[in-house]
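Here TrEMBL flags 1-15, 25-49, 70-116, 160-178, 194-207 as compositional bias 'Pro residues'. Residues annotated as region 'Disordered' in TrEMBL: 1-259. According to TrEMBL, the feature compositional bias 'Low complexity' maps to 50-66, 117-133, 179-189. Annotation comment: TrEMBL describes 142-153 as compositional bias 'Polar residues'. Positions annotated as domain 'Zinc finger Sec23/Sec24-type' by TrEMBL: 367-404. Here TrEMBL flags 441-677 as domain 'Sec23/Sec24 trunk'. Positions annotated as domain 'Sec23/Sec24 beta-sandwich' by TrEMBL: 683-767. What TrEMBL lists as domain 'Sec23/Sec24 helical' is 778-881.
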Amino acid sequence: MQPPMGNERPPPPGRPVSAFVPGAAAPPPPFAAGGPFVPPPRQGVPPPQSGAAAPPFGAAPPAAMGGYRGPPPSQGPFTSVPPPQGPFTSAPPPQGPFTSAPPPQGPFSSAPPPQGPFSSAPPSQGPFASAPPSQGPFASAPLSQGPFTSAPLSQGPFAAGPPPPQGPFAAVPPPFRPLPSSLVQPQSPTGGGFPPPPTYARPPPPLQSQGYYPGAPPANPQFPMSRAGFQQPVQTMAPPPMGPAATFGNQAAYPSAGPPVGGTLQSLVEDFQSLALSSAPGSLDPGVDIKGLPRPLDGDEEPVKLSEAFPLNCHPRYFRLTTHAIPASQSLVSRWHLPLGAVVHPLAESPDGEEVPVINFGSAGVIRCRRCRTYINPYATFADAGRKWRCNLCTLLNDVPGEYFSALDASGRRYDTDQRPELSKGTVEFVAPTEYMVRPPMPPSYFFLIDVSVSAVRSGLLEVVAKTIKSCLDELPGFPRTQIGFLTFDSTLHFHNFKSSLSQPQMMVVADLDDVFLPLPDDLLVNLVDSRHVVDSFLDSLPNMFHDNVNVESALGPALKAAFMVMSQIGGKLLVFQSTLPSLGIGRLRLRGDDVRAYGTDKEHTLRVPEDPFYKQMAAEFTKNQIAVDIFSFSEKYSDIASLGSLAKYTGGQVYHYPSFQAVTHGDKLKHELSRDLTRETAWESVMRIRCGKGVRFTTYHGHFMLRSTDLLALPAVDSDKAFAMQLSLEETLMTTQTVYFQVALLYTSSSGERRIRVHTAAAPVVTDLSEMYRQADTGAIVSVLGRTAVENSLSDKLDSVRQQLQLKLVRSLKEYRNLYVVQHRIGGRLIFPESLRYLPLYILAICKSLALRGGYADVSLDERCAAGFSMMILPVKGLLNFIYPSLYRVDEVLTLEPNKIDFSLKRLPLTMQCLDTGGLYLLDDGFTFLVWLGRMLPPELVNSVLGISLANFPDLSKIQVTECDNEFSRNFMKILRTLREKNPSYHQLCRVVRQGEQPREGFLLLSNLVEDQMAGTSSYVDWILQIHRQTQS
């Protein structure tokens, strides 16, 4: 047995740790030949009375725990008469020393379980019960229906004999009885040589029931439960949650309700969650209940354990590690199998009242370590009566400037610590002095590059863009320094003079696309305040200016070169509105489209990478001159987002895709997202670096940026809607420190023209135990890194290979985790996983079914696939999880409630067709689109009230505009939409309506998003779990 590591949970009393395997040779008695090992009684702990029930693990009262029950006893609680032998009986003899239910004097007993084989509850709760079946997140069937329902206590093969008078520490072993031939169980065809063991699960903490889909499976009348010893074929195999993850160090993981147990047994505690997956021999039932599978119905779970252990860390919204326990050695890293890294969201929006403190050191200058350049932070320590401070990253002792000096108290803490945010808060902002500037801070600049070809005119694009820009002029950041300019193009380039002395703008046309030049040296990019009247006049006349244009060409490449010439001196943001494939001049793209013959071959990935190097070269030039590019694409046909998107990818920009844009349908979405892009607070001329403590370093980075050196990210513009992921590696074979520190520093120019440094500092413990790494894992961060790396891998490999790589990572990690416990536990029929990663299998399945990675040629258009990939590369954790596993709500049942109660009544549902009622109205939200699904039995009056239309008179639902009608149902429905949009203002969900059975729209709008169902050759959630389970056992 492994010696205890010091951070395992203490086991509950009476926990079974061994099991007799029918048909296998009996192992020797543990520890000693003369009798079983029994821990000595602990001082001050009286043994429980033989008739009293032991407390149920100290986790919760028995009635509050979810789990399985067996039938109630019928022949007296401790009868030892063996039962009639049924065909599926899997029990060992009644009182053998290797029974999986320890008898009162068994080898590992620390308290007599007087009332049933695995129970510390009263006998009425059955051998596997820890709660009434109707309660708890994984509620199982009623008493007569449980998947592994045991025989009554008086009859079961695990029935214990009467309690001995010796008390809980009896040293006399019971006699061993050989197994009768009638008890030998036939081997399971899927279980190797071992029969599936009964599910044994640790009871849950009291408040763990949120976020699951409760419910009991239907009874199976084919298998009556009246015969003793007969087990019903498996229907539900979902045990309850295994309790919270272990805390750091040696803190107790349970309340001190139960009697303490010696540390000898700590390594034998079940420290995992599990799903039992073995069906009964001969049964066609897969052996897993879909309602019992873990689902993230509460959305993203921010790690709180680390905040409690390291309260001075920055908030997890800014910085999240994939595991908040850093491995101490390379061998631990090699056994981790999941990404080791972090997700950084440097400008995440703070809740109201939690503003980031701004600090100006004045003449003292910014306090930094002179060796590693780390900024002063809460983890720095002071020495020499306050005259020195020690860097927490490199341990160098630095001088404290005289202006910054403060005396220390008896504990070595500065007296002014609480008054200085940089010493008491994990996130601060420093005002940077002039030495942090390469040039004076530039004013915020916005330059618009607008396609005015015939497709842009006919779709209504010009009118929406012009009106939206005009409505945002007063809210552009940087007033009164803001600069603005416009360039329109089709087969020629149209420059516009906005000189403040003009009453209306002048347009100058340049037709030479091979040698682009600026017709004016100045007045193409002007101060908005000075030239406001000219800009207003231009935006009013823009839609009519090109109203009769029939030009179908697009000279995007030359237009980009012209825009670069205009902006290169100042930098800023370039917004490109493109409605057709670039066809003229440099950077023209051919209609390579989606080639079905390429899928499944080595050439498949070439469809998803830029065809012309021109766009990446231009992106490098833009970044060098502090210009960020945002792409708005509106084409009805193929527009090569793979090539155009590289402009945004390498400049810190963003890609917005509106396939088949029509102003009537998509106008609101474009208006909101363009407004958000223009008015959100933006950090200009930015660079970001992440420093690490001794022994670790970041090696790879994922997101939209240009890597200027090995660890410096160049970001011409960055905002609150963009996050970055990165992966760590260990520089040393063995870590020597107990804590690793991280510091994110973003140097930028604010819109007001001030140079600032946003600093986030965090600490994480170094561990030598792999199980601790798993306990402290952060599913959201892991999924963010995995999603980004999968998108990047799809640019150099086949989609099928990328999906297989994701599955392999999952299988290897769960297999490694399984190996931690397989020696101590009989877990043949169970998929085990840490509590922290209970949603990871579903999220990885969701990534494989996401727009960017699902299927092949026929499943997603190439442009949509590429646009989704660009979005996944920048989404923060919460947005990414909602994108791959959307929120599904039933809304018809809450429309009759009072408006102030609706928000609390909306409950997320699992993404499976089984949750959809033909008489219901459902809403699916993935952060980019709302899908309203109308069941075929939905009352027409309700549809008419909510949508304002009659389905009988409105056959084409793709053209429905969801607007507020003058009735209570409609007002409540629009309130639901507004509430969901306010939760994530980064994007505006376009509302689309689909009717049940309306093909093909229902297929690609709804069914493709039900990631738990089988579709187009992909696995369902149940099949996926079974597949993962088989592979972890192989």
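Yeah, the Cβs are placed from backbone N, Cα and C, and that goes for glycine too.
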Check your understanding: Other than its close neighbours in sequence, what residues sit by the domain 'Zinc finger Sec23/Sec24-type' (367-404), given a CB gap under 8 Å and a spacing of at least six beyond its ends?
Key -> 312, 361, 412-414, 422-426, 430, 691-694, 741, 743, 745, 757, 759, 761, 763
Revision key, fill the gap. Reduced to three DSSP states, the domain 'Sec23/Sec24 helical' (778-881) has 64 helix, 4 strand, 36 coil
Point to revise | Helix-strand-coil residue split for the domain 'Zinc finger Sec23/Sec24-type' (367-404), DSSP-based | key: 6 helix, 11 strand, 21 coil
Check your understanding: How does the domain 'Sec23/Sec24 beta-sandwich' (683-767) divide up by DSSP, counting helix, then strand, then coil residues?
Key -> 0 helix, 59 strand, 26 coil
